[in-house]
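Notes for the one structure printed next.
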Amino acid sequence: MNIALLGYGRMGKEIEKVALQRGHTIVHKISSDIASYDFTNVDVAIDFSIPSAAFQNITHCIKQQVPVISGTTGWLEKYDEVIALCEAEKGAFIYASNFSLGVNIFFEMNTYLAKMMSQLEDYNVDIEEIHHTKKLDAPSGTAITLAEDIMQHTDYTNWKLDKTEAADEIPIVAKRIPDVPGTHEITYTSSIDTIAIKHEAHNRQGFALGAVVAAEWIQNSVGVYTMKDVLNI
Ligand SMILES: NC(=O)C1=CN([C@@H]2O[C@H](COP(=O)(O)OP(=O)(O)OC[C@H]3O[C@@H](n4cnc5c(N)ncnc54)[C@H](OP(=O)(O)O)[C@@H]3O)[C@@H](O)[C@H]2O)C=CC1
Ligand SMILES: O=C(O)C1=N[C@H](C(=O)O)C[C@H](O)C1
């Protein structure tokens, strides 16, 4: 498979390693304006760039009929626009706030726990995420997905960065500590006890492997998919 890497930073380099190990070829390593690159021999593009570039990168690929995977966070106000374009152009697209298998299992655990906790009025939920100090966005895309999944199954209607007094808002605390690849913890607290679930990435390998597996999965497809489709969970 010929892969174009849109973004060649920490994740782009990790994805390159995994892709080469799996027998793929990297044909572009793009860190600036995508428009000047030739996409004729690209089978799939993988975007791990920056929030302000993701929309242009993704839409460019869709218009060029190149399937595209995006893990970039912090651009989701334009997600619906991308989906509409992808459907109109009969393109292929997967976004995931987190591509690691472990976190996708954690997402399922979060939903299951939220459904059970929705019956219990005495507990308050909060989310904590910890990432390296170079991260541009807060809260993390993963924390937003976790909050949205909780909202779908409980009476919470919103999330808020930092603490909140509103009973229907989920507080998300974002901490920045050097070199932390990504830690997420969900805690339900009552006066009697605490229930918590946690995922802690030890490195970026899981994110990269998930992105390459998603790229392999989508290469001859049309449509908008998620990691639930890729992992069949
Ligand atoms: N979904 C997931 O599983 C994961 C998502 N992420 C997300 O992926 C994104 C990238 O993370 P990370 O690799 O750590 O960040 P980095 O800052 O290390 O890499 C981002 C890269 O994008 C480049 N870039 C800047 N402008 C453009 C452009 N117009 N087109 C393409 N590339 C551009 C930057 O180049 P330069 O430095 O020259 O400006 C840099 O090399 C973040 O949004 C992060 O949150 C991260 C890990 C997992
Ligand atoms: O920026 C990162 O590093 C990460 N970003 C993603 C996010 O915002 O959720 C995923 C992962 O936690 C690492």
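Backbone N, Cα and C define each Cβ position, glycine as well.
Under the heading active site, proton donor/acceptor, TrEMBL lists His131. Just so you know, the Cβ of His131 (active site, proton donor/acceptor) picks up 23 other Cβ atoms within 10 Å once every protein chain is counted.
DSSP gives Lys135 (active site, proton donor) a coil state; it is part of no helix or strand. Summarising the annotation, TrEMBL assigns active site, proton donor to Lys135.
The NAD(+) binding site annotation in TrEMBL covers Gly71, Thr72, Thr73, Ala96, Ser97, Asn98, Phe99. DSSP assigns Gly71 (NAD(+) binding site) to coil, not to a helix or a strand. For Gly71 (NAD(+) binding site), other Cβ atoms within 10 Å of its Cβ number 24.
For His132, Gly141, Thr142, the entry in TrEMBL reads (S)-2,3,4,5-tetrahydrodipicolinate binding site. The DSSP secondary structure for Thr142 ((S)-2,3,4,5-tetrahydrodipicolinate binding site) is helix. Residues near Thr142 ((S)-2,3,4,5-tetrahydrodipicolinate binding site) in space but far in sequence (CB under 8 A, at least 6 apart, same chain), listed by position: Thr73, Ser97, Asn98, Val103, Glu129, Gly182, His184.
Residues or ranges marked as domain 'Dihydrodipicolinate reductase N-terminal' in TrEMBL: 1-99.
The domain 'Dihydrodipicolinate reductase C-terminal' annotation in TrEMBL covers 102-231.
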### Query
So which recorded positions out of Gly71, Thr72, Thr73, Ser97, Lys135, Gly141 are up against ligand 2, CB under 6 A?
Thr73, Ser97, Lys135, Gly141
### Task
Fewest other Cβ atoms within 10 Å: which of the binding-site residues Ser97, Asn98 wins that one? Let me know.
Ser97
### Message
Test of understanding: give the count of other CB atoms lying within 10 angstroms of the CB of Gly141 ((S)-2,3,4,5-tetrahydrodipicolinate binding site).
### Response
20
### Query
Using DSSP, how many residues in the domain 'Dihydrodipicolinate reductase N-terminal' (1-99) fall into helix, strand and coil?
42 helix, 22 strand, 35 coil
### Neighbours of Gly71 (NAD(+) binding site) among the recorded positions His131, His132, Lys135, Gly141 (Cα to Cα, within 10 Å)
Gly141
### Message
Running a distance check here. Ligand 1 versus the recorded positions Asn98, His131, His132, Thr142: which have CB less than 6 Å from one of its atoms?
### Response
Asn98
